[in-house]
Amino acid sequence: MELEGCSQTAPEDTGLHEACGVFGCVATGDWPTQLDVAHTICLGLVSLQHRGQESAGIVTSMGSNDSLHRQKKGMGLVGNIFTEEDIVRLRGNIGLGHTRYSTHGESDTSNVQPFVVETLHGLTAVAHNGQLVNARTLKRKLLRHGVGLSSGSDSELITQLLTHMPECGEPDGANWVGRIKRIMHETKASYALVIMNKDKLYAVRDPIGNRPLCLGKLLPAATFSGKKILDDSEVDGWVVASESCAFGSIGARYYREVLPGEVVELSKKGVRSVYMAPKHKQTPPALCIFEYVYFARSDSVFEGQMVYMVRQNCGRQLAKEAPVDVDMVSTVPESATPAAMAYAAAINRPYGEVFTKNRYVGRSFIQPNMRLRQLAVAKKFGALTQNFIGKRIVLVDDSIVRGVTMIPIVKLLKAEGAKEVHIRIASPPIKYPCYMGINIPTHQELVANKVPIDQLADYFGADSLQYLSVEGLKAAVTEGIKTEAESGHCVACLTGDYPVEPDW
Ligand SMILES: O=P(O)(O)OC[C@H]1O[C@H](OP(=O)(O)OP(=O)(O)O)[C@H](O)[C@@H]1O
Ligand SMILES: NC(=O)CC[C@H](N)C(=O)O
């Protein structure tokens, strides 16, 4: 029996999908806390909605030894799943949440996270962003050990691994660091995890740091009216999130990133690093470069730099590599907008909008099949005809995957009177599938493999088309890095050079 979604051939309808969002919160000070932990998690998940719009869940606990976990999970958007009554019922001192886009296992209720499982040391809940490169092997191993699985999700495999005692045993009681080390030993990528047991959360990033994860501190309400906090003992709580964009809406301040291979413990006493996996030359850090290009929200910070600034760098670099003489520069909203604006400034041409975007249509690729994705593109954009009629336009997008978006929008612009439409892409051609948490489809479905690059402009009905180079993208991403930790990026979807080989 194979793990669902584990086959080498991606299902017909997969596309470029968001990665999941994970979030955790622990209150400091006396428990029961006055802090509304469930509400904080819910707001955090709303800010991570762009990472997954399929299902979501929240699990909370009072954090005592025998405490029951309260949970609510459901299909759909965060705002539709959790009612005010749910939030009241989910009252707790500690908790975690997840918003999912499936990469492994069907999009159904059995795979909704967080997963909760009984262990020797009490109930344990797990939220996972990523995709295990060796899920198939791990699944066989667990089944051979008599572990029953109840879902098709690779995240359940991680949860079940946590129920195993570490090799060194547990003579002094629970050894969660030992249990997490065992996960790191069994699987190298890709996972950013939030794990809850009793009164503690563990934030874990895989040894190559493929998916992002960061820590924030919840500021006391008094700081909103100007009070300065003197030290960490004054914070209301600690939070962990896939992206720092989750912090603004909950009154939290960015603290730091969880480093590749690091395990951080969050408790009412604060945060402390409890383990750092030894570095291996063969597997240097490999943060997914597409987090910068497309997935992450522009106001998030990775490696000490804001995603928005990197997207601007991409636009500037693209202007150096592929300038064009036009009347105006525009964007395919919205991940591409910072790149388009920077491109315009660099070629010294006006930036203007050619589309208005329907704010109630989500990201196109979240749609479950090709027909709906095509309709999503049609629903998403309306032409601002009077802004571009008779003009030569260069349209900047962040990426082209299947080319679903580009064909109808070039057609629309031309039909509405654009004189010329040139395409510039602020990342290189995507030619290789991703096995680490992003549903980038098979080789054959990627338009850069279907049509020779020099014929793509014709294919889209455009006047010219050029991509950013791999070296250009790397330069744009590394230019503003401000971290003392070693950094590195996974560019496997662009070069086929995978940091960790999948086992199928
Ligand atoms: O070549 P394709 O297969 O069409 O995929 C690429 C397109 O998909 C994304 O848009 P999306 O609507 O998902 O997100 P955005 O609004 O954040 O740009 C991306 O920004 C490209 O426009
Ligand atoms: N996008 C993700 O990170 C998904 C997590 C996990 N692989 C799942 O499919 O549920």
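Along the chain as shown, residues are numbered 1 onward.
Keep in mind that glycine also has a Cβ here, set from the backbone N, Cα and C atoms.
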Which of Cys245, Cys288 belongs with Cys434, Cys490, Cys493 in the [4Fe-4S] cluster site listed by TrEMBL: Cys288
Contacting recorded positions, sequence order - Cys20, Ser335, Asp397, Asp398, Cys490, Cys493 vs ligand 1, Cβ under 6 Å: Ser335, Asp397, Asp398
Lowest local Cβ density among Asp397, Cys490, which the record lists as binding-site residues, within 10 Å: Asp397
Other C-beta atoms that fall within 10 angstroms of the C-beta of Cys20 (active site, nucleophile): 28
Pairwise CA distance, Cys493 ([4Fe-4S] cluster binding site) versus Cys20 (active site, nucleophile), rounded so that it is a whole Å: 19
Nonlocal residues around Ser335 (Mg(2+) binding site), in sequence order (Cβ under 8 Å, 6 or more apart): Val293, Tyr294, Ser298, Arg311, Asp398, Ser399
Distant-in-sequence Cβ neighbours of Cys288 ([4Fe-4S] cluster binding site), under 8 Å, six or more positions away: Ala19, Ser190, Asn210, Arg211, Phe295, Cys434, Met436, Gly437, Ile438, His489, Cys490
Cβ neighbour count within 10 Å of Cys493 ([4Fe-4S] cluster binding site): 27
